[in-house]
Amino acid sequence: MRKIYMFDTTLRDGEQSPGVNLNTQEKVEIALQLEKLGIDRIEAGFPIASPGDLAAVNAVARAVKNASVTGLARSREKDIDAVVEALKGAQDPRIHIFLATSPIHRKHKLRMEKHEVLEAAEAMIKYAKKHFSQVEFSAEDAGRTEIDFLVEVTALAVKLGVSVVNLPDTVGYLSPYEYGNIFKTMKEQVPGIEKVQLSAHCHDDLGLATANALAAIQNGADQIEGTINGIGERAGNTALEEVALALYTRGEFFQATTGLNLQEIAKTSRLVSKLTGMPVPGNKAIVGANAFAHESGIHQDGVLKEKTTYEIISPATIGMKDSKLVLGKHSGRHAFREKLVDLGFEGLSEEQVNAAFGKFKDLADRKKDVSNEDILALLEEKIIETPEVFALEQLIVSFDSHKGPSATVRLKTPSGIVSHTAEGNGSVDAIYHAINAQTGEVVELDDYTIKSVTDGTDALGEVHVVLKQGEYSAQGRGVSTDILEASARAYVDALNRLVEKRQEPPRTKRDRDNVTLI
Ligand SMILES: CC(=O)SCCNC(=O)CCNC(=O)[C@H](O)C(C)(C)COP(=O)(O)OP(=O)(O)OC[C@H]1O[C@@H](n2cnc3c(N)ncnc32)[C@H](O)[C@@H]1OP(=O)(O)O
Ligand SMILES: CC(C)C(=O)C(=O)O
Ligand SMILES: [Mg+2]
């Protein structure tokens, strides 16, 4: 198996994601995790960009012991000098210099003729070689460069003794076939190409970054550049975890492998997401929350019988626990029964499971996620039929910057419709005071959580509260496009459940195991 070198640019191209800004401490934390992951080369930043980035690259260079650390430079002496400064103290330093080669970039951005590009590349590679034994040269926008000129540029870099030539698809423009062909052509036409490593650096503008990186490997690339979670400029870079898992899962096909410690992937992904503030989409390959989750009945049934029916990777491979069976409206009886067993309801008859399953399907039609609590409540026949002792009729909330918030709540109670106005420290506090005054219930708010159910400013807000009253506690849920209304609904819902619970003796686990389903 051919070894593919993994070049991580989360701290440089990844940081170019709009809105991302990593400080020195954060860069070091990520770099040390990348080291644990077994990344071969870490691009820590672009030192000329700012004194702060130079200092951060230096801190990474000094902290990392088991990977090569690199910094990016334009083909300018002052950029190279900044990298020299930044990599002081590095165990295994290397410089990465780049110059665009495509006609669009030559004409409009650099305003250079072909011969000027060659002259600048030559001068700067020679300058960099004075300071570094390991030099990587990137022909920026190689993907849109005339192939003959790219051969000429690559041949020059090889002749000047660089260690790596990187051929980026800077704007994510090429198809895998075309990108692979570039590597094939370099292998066939550049004299001495065997003396250097060829590197692929892809962007995801057309969603092809990983496919293109794999095509490069099939055509001789030795190094893949990318980021964790695929973050990066515009639509991002190749996600390194995707390449690593493609080679691991399809090793025989690609005849290549990485030296990564795959078990560190989930942890690295979470850390990068947390420190960059970029959430990982649920459906993201390998590291998305749904990558190992099954919701539909037919899939769940298959996975329960034999995991490989619908799982090509075991979650343990990337350091995750087990795959998840998520109960929702597409789930079937097999997964539902499994969940019941997980919750401690073993030995239920077919008839009992069927009765509960019918209710579960009704609920799943109305609710996005069906939680364990919902299922427990469902088994107890409470979620749908909690008697409404209290019901919210109307809510008016006002805020005066001098007096603070006040809330008027009209409630349906067993003694008829009542209304009360109260003040509070905040609007939710005022609402809860107004409700308490009318119900006569003395309760303690034990927990209050709010989350957005959908996107946008008109998102549905979902509020969960837990109320305590002596030995009793009950949770309530309220959903509305207005979070104050959702808060009021959740509180009234919890009160109703509390009143109902109070009318029964508290249940023990044993009671629960013996629950009778209708
Ligand atoms: C494909 C990539 O991801 S490349 C990396 C992109 N990353 C970044 O740009 C992040 C960090 N960048 C920065 O902080 C700034 O752009 C700096 C410090 C590098 C330069 O800032 P400024 O001097 O203000 O220049 P500015 O960014 O406006 O313009 C870029 C200049 O570099 C030139 N340039 C671009 N690439 C190269 C190169 N590889 N070699 C030499 N010059 C280059 C441009 O032609 C332009 O030159 P001009 O001023 O003579 O027109
Ligand atoms: C600096 C280079 C390698 C780059 O990020 C690109 O071309 O996308
Ligand atoms: Mg890039």
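Placement of Cβ uses the backbone N, Cα and C atoms for every residue, glycine included.
Residues annotated as domain 'Pyruvate carboxyltransferase' in TrEMBL: 4-266.
According to TrEMBL, the Mn(2+) binding site annotation covers Asp13, His201, His203, Asn237. Residues near His201 (Mn(2+) binding site) in space but far in sequence (CB under 8 A, at least 6 apart, same chain), listed by position: Phe7, Thr9, Asp13, Ser138, Asn166, Leu167, Pro168, Asp169, Thr170, Glu225, Gly226, Asn237, Thr238.
Remark: secondary structure over the region 'Regulatory domain' (391-518) totals 38 helix, 55 strand, 35 coil, with classes taken from DSSP. Annotated region 'Regulatory domain' per TrEMBL: 391-518, in sequence order.
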Sequence-distant neighbours of His203 (Mn(2+) binding site) in its chain (C-beta under 8 A, six or more apart): Pro168, Asp169, Thr170, Val171, Gly172, Ala209, Gly232, Glu233, Arg234, Ala235, Gly236, Asn237
Number of Cβ atoms other than its own within 10 Å, given for Asn237 (Mn(2+) binding site): 32
Residues close to Mn(2+) site centre defined by Asp13, His201, His203, Asn237, Cβ within 8 Å: Thr9, Pro168, Thr170, Cys202, Ala209, Glu225, Gly226, Thr227, Gly232, Glu233, Gly236, Thr238
Per DSSP, three-state class assigned to Asp13 (Mn(2+) binding site): coil
